[in-house]
């Protein structure tokens, strides 16, 4: 055991510049990979909240709203609301209609801006009632929009998909960019680890030859190399996790960011990303080591 | 202790067999010289014993195991039964004599207590008492080969394989090495030594196995080198 540790230590010292290079590459590639995981979860969170649930929102008039079909200073009447509902339900393009009351809208607002300074800036009465409409074919929204847009008591018709698309598009592009860059760097890191370990194995080939000759076990021979790359890998993982913590802190502690979007990632998503980074990091350091040392261990 | 049953070995990509239909049995405690010109198959024979290669045909038994059927993970166990000495000593230059010998025990997981006992004992056996703190470069060739023999024998293997152990040494030093190998043989270890050194073979009067083109052409008890 003592021998394994002293060999590992001397190996780390002998190749200190390569080890630093490996740590840095691992760190950067894992950070990008982790950032990709965060963005991926962010996009999912946004989609999960609205995108798949609702395609068109029909907002109804309140006392505070103004618009072509609203009577100023008055809520939508029960008859008008019923007419909107029937128009929607009888339309063959509509798959499902859900009614959201002011209280529900308020509750959702409270949840979305939990902890934010704007949380208490609105009251229940200021919220709008709405119909949430799911379409049979999301592409065919014009017919439904024009069927209800002119009805009395309808303040506005909003296609949520159109509204969310740019944000989700940006997130998806970010996600792909982060994952692709991270993936390329992960490949570079794997090759670099493999090369470093191969160098270390060449430097120790006399020892390895004698170890094999006197009957040392393969695991025993490999242990210093595995430890060496694991130490470098764990350093890289630790730094990458630090970067992820910094990102999550920035997002959760910055009110300007959390104001702009209700559903924003927090610690659970950060921990998920860190676990992913740790798993990938450990595989990344072990697999190239095993491949690089295999030919020196062939009996 | 070592038995070859109709063993042939052809290396990958070569048409000529390195060993052809070798039948040979070496008893426990024997001292055997393996002679023959370069390329006659001596090294191949020794490497097959060590299971560095598998035979193309035939069966090989070493220390009671059929080595060509041995799983890879059992090879270290086989090699712990075999000590090996080479022409070029193969010592670790950065380690002292004591550390070089202790290394062979450390890497197979022997306890420090065993190492403290076995290493000085073995250094004394090979005639290097008091030189444990020297580095290999401070020693003569003969002394370096003694360190290598100590390393090969420190785990008390049942078989000692020596591939041209006197190849780099002058005749007087070689005699000393041969006396040492003979002493080790008398402790009960089986010794197989490949050599080109005719005067040594003639002096020792041990069993001689001669190979030519991969075939055993002579197997003589108390033999002589027998060719020029």
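Here the Cβ of each residue, glycine as well, is placed from N, Cα and C on the backbone.
Where the annotation comes from TrEMBL, it is an automatic prediction and has not been curated.
Annotated features, as they stand in TrEMBL:
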| type | residues | note |
| --- | --- | --- |
| DOMAIN | A:54-157 | domain 'FtsX extracellular' |
| DOMAIN | A:182-298 | domain 'ABC3 transporter permease C-terminal' |
| TRANSMEM | A:16-40 | transmembrane segment |
| TRANSMEM | A:173-197 | transmembrane segment |
| TRANSMEM | A:218-251 | transmembrane segment |
| TRANSMEM | A:271-293 | transmembrane segment |
Field: Same-chain residue ranges lying at least 6 outside the transmembrane segment (A:173-197) that approach it to Cβ under 8 Å
entry: 15, 18-19, 21-22, 25-26, 28-36, 39-40, 43, 225, 228-229, 232-233, 236, 280, 284-285, 287-289, 291-293
Message: At a C-beta cut-off of under 8 Å, are there same-chain residues at least 6 beyond the transmembrane segment (A:16-40) that contact it? List them, or none.
response: 171, 174-175, 178-179, 181-183, 185-186, 188-189, 192-193, 195-196, 199, 228-229, 232-233, 235-237, 239-241, 243-244, 247-248, 265, 269-270, 272-274, 276-277, 280-281, 284-285
Field: Secondary structure tally of the domain 'ABC3 transporter permease C-terminal' (A:182-298) (DSSP, helix then strand then coil)
entry: 105 helix, 0 strand, 12 coil
Query: Where does the mean pLDDT land for the domain 'ABC3 transporter permease C-terminal' (A:182-298)?
result: 84
